[in-house]
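Trainee: Sharing the features that TrEMBL gives for it:
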- H176: active site, proton donor/acceptor (ACT_SITE)
- C192: active site, nucleophile (ACT_SITE)
- 79-216: domain 'L,D-TPase catalytic' (DOMAIN)
- 1-25: signal peptide (SIGNAL)
Amino acid sequence: MRPLAFVSIRSVFALFGLLALVACQQEEPIETAPPEPVIVPGYDTIIDNGYALPAIDASYLAEPNRRVLVYYSGDEEPGTIEVDIYAKFLYWIMDDGTAWRYPIAVGRLGRAIRGDTVIRRKVEWPGWTPTANMLRTEPDVYGDFAGGIPGGLRSPLGARALYLYQGGRDTYYRIHGTNDLASIGNSGSAGCIRMFNHDIIHLFDMVPLGTDVVMRSEEDSIRIEDEFYDRGIELPATHIDPDDIYGEDAVLADRPIAEILADQLAPAEEQDAEEPQEDV
């Protein structure tokens with residue numbers, strides 16, 4: 001009977017070997033399609049004045065870092081913009097007790113706007129020139145742009161700018177769009193109020209010239225915002241390469257799509273006009 005037991009053990013090992021071989025054959029990698037990008041409503045691809053603004057990646061829009069209509073809990077009057085530099089929110093206050101709340105980036109330590117201001121200028125796709133103070137204190141960041149950047153995809157002011165004045169004088173502070181998506185919800189600007197381009201476009205047409213911009217006190221921020229008070233981190237000054245956002249071809253052209261398409265069509269139209277017509 002012993003030989004039978006020996007044969008049974010060999011058979012068991014052979015069976016395990018066969019199963020292992022089958023398992024190895026079944027573990028070949030399976031190709032899967034990449035997951036579809038998550039598009040947050042209100043932040044998908046838009047065409048604005050002929051410029052193509054890509055959808056904002058959902059990773060930048062985690063709550064509360066997105067536009068939302070809320071019941072207003074502050075003390076300002078309807079038709080006012082209230083800025084909370086501690087919670088990194090901007091409120092556009094409306095007549096029905098609600099407000100649009102937008103996430104923002106604010107100035108680094110010591111560079112925040114001081115006092116209330118008034119909007120005296122509104123510009124679509126504004127150009128930008130660094131101030132003398134920016135050039136003096138951070139020449140490595142701003143020196144290459146001392147001559148200014150015209151409005152368009154390259155401009156750090158993004159798609160819109162609201163110009164803030166005090167006592168009839170330009171403060172050189174703006175509420176504006178930005179290419180620096182990671183700065184929103186943090187302290188990362190030279191003092192201006194940055195918004196996602198999608199958000200400043202949403203706000204821009206609602207806000208008339210002469211709108212008061214009120215800075216919320218730290219005490220009110222603690223009282224009203226609770227868990228959101230003092231959110232975010234302080235970021236160093238940086239320049240974002242627009243090629244990384246819009247693509248090199250779009251930035252090189254740096255003109256509205258409508259103008260680019262018009263130029264592309266023009267040679268064909270001229271060629272058609274030059275072709276001789278047959279006699280009839």
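Easy rule for this one: first residue shown is 1, then count along the chain.
Quick reminder: no glycine exception, Cβ is built from N, Cα and C everywhere.
How about a rundown of where these features are and what they're close to?
Mentor: H176 (active site, proton donor/acceptor) falls within a strand segment according to DSSP. Counting only residues at least six positions away in the same chain, the Cβ atoms of P126, L157, G158, R160, A161, L162, C192, I193, R194, M195, I200 sit under 8 Å from the Cβ of H176 (active site, proton donor/acceptor).
Secondary structure from DSSP puts C192 (active site, nucleophile) in coil.
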Trainee: With DSSP as the reference, give the number of residues of the domain 'L,D-TPase catalytic' (79-216) in helix, strand and coil.
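Mentor: Tallied per class, the domain 'L,D-TPase catalytic' (79-216) gives 24 helix, 56 strand, 58 coil.
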